[in-house]
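Student: For reference, the structure I am asking about is given below.
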Amino acid sequence: MHETDMTKALILTVKDWWESQPDRPTISHVYLTVGQFTCVEPASLQFSFEVQTRQTFLDGAKLVIQETPLIAFCHHCQQEYHPEIGIHYACPTCQSPMDDIRSGRELKIDRLEYTSQPPIPLP
Amino acid sequence: MHQTFDAALEINLLHANQQGADHNRSHFDEWGITCLNVMSSPGAGKTALLERTLAELNHELRMAVIEGDMTTELDADRLRQYNVPVIAINTGRSCHLDARMVAGGIHQFAHQYNPSDFDLVFVENVGNLVCPAKFEVGEHAKVALLSVTEGEDKPLKYPVMFQEADCLLITKLDLAPYLDVKLDRIVENVRQMNSHVTIIPVSAKTGEGLSQWFDWIRSSLSHYTMQNLPISASMSLGG
């Protein structure tokens, strides 16, 4: 199950950000975009995230995943199309190869939601 | 009192791995080495292909192998017979090599040998058609293998691997006459998602197609090796 390793990679990346923050805030939500043309299964990612973040700086944080569909653009027909994963990737009209993927390859951490103590005003 | 904030990251989930891969690649560039990441399902013939490659190009190129395997050193031992440095990395439960593991291998390699003496490093990835495609290790190009015994539909089922490949070797060509497999159909399925990939049918057993594979290696060497890069004195290993 490679989502375990994907999650490790995700946690490392978020940790880099967290460690760069002077007050080490509490992260409540991690928002991801995951494309359908990746090898990542969102449900497995959720499970791995829950297990791997226990008793870490991300303990209790929620993973919110937005999936994006596979959309390609055919330059010959000058139109977008939805390749059928596992069945057919070439343009359904002219059979040109799927050379230009416009959506579906995303594996992105969009944003983090976190709580932080407001700075104590100087006397 | 706590306040809620929002930080827009907009970064790749595999950012940390990507950074590691870029770092590895910068070492290869500095040494004038081309690195090829060899990937396939288990049993497609990666080790057999490398055996023939090491044996036949040994007089021409200085090569080394970083050999990824989940548990054993069986493949590494096979390749060691060809008198090239073979660094074995056990991934444990992980089904692919990542940049950090390969950095460990590079470190060992640089410790034991003078890397500037080498032209080419093969990374033999763990047998798996899914994960290795997404975890870059610092390679200049990706070489995927698909054996004729695996069937024509694999590119459709595992599209990410075939979409990312720079070179695809259709292996075990000597077995094709015994199977109901159409090479044209494999090529057609791959071309649907990757019109640029170089496709070479080969047999490590009979040697068929290997000269084209060796030509592809030679062309990739001249393409990716940046011998004239200024050597950065501040560059350090690890990281």
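Including glycine, each Cβ sits where the backbone N, Cα and C put it.
TrEMBL lists these features:
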BINDING   A:HIS2  Ni(2+) binding site
BINDING   A:CYS74, A:CYS77, A:CYS91, A:CYS94  Zn(2+) binding site
Student: Determine which residues of this chain, when A:CYS74, A:CYS77, A:CYS91, A:CYS94 are set aside, have a Cβ within 8 Å of the centroid of the Zn(2+) site's Cβ atoms, and list them as they appear in the sequence.
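Tutor: Leaving out the recorded residues gives A:HIS75, A:HIS76, A:GLN79, A:TYR81, A:PRO92, A:THR93, A:GLN95, A:SER96.
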Student: Could you state the whole-number distance in Å separating the C-alpha atoms of A:CYS94 (Zn(2+) binding site) and the residue listed as 'Ni(2+) binding site'?
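Tutor: Spelling it out, the Cα of A:CYS94 (Zn(2+) binding site) and the Cα of the residue listed as 'Ni(2+) binding site' are 36 Å apart.
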Student: List which of the binding-site residues A:HIS2, A:CYS74, A:CYS91, A:CYS94 have a Cβ under 8 Å from any Cβ of chain B, in sequence order, or say none.
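Tutor: Out of A:HIS2, A:CYS74, A:CYS91, A:CYS94, A:HIS2 lie under 8 Å of chain B.
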Student: Inside 10 Å of the Cβ of A:CYS77 (Zn(2+) binding site), count up the other Cβ atoms and send me the figure.
Tutor: 13
Student: Looking only at A:CYS74, A:CYS91, A:CYS94, the binding-site residues on record, which one has the least crowded Cβ, with the fewest other Cβ atoms within 10 Å?
Tutor: A:CYS94
Student: In whole Å, how far is A:CYS91 (Zn(2+) binding site) from the residue listed as 'Ni(2+) binding site' when you measure between their Cα atoms?
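Tutor: Distance between the two Cα atoms comes out at 30 Å.
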Student: I'd like the number of other C-beta atoms within 10 A of the C-beta of the residue listed as 'Ni(2+) binding site', please.
Tutor: 20
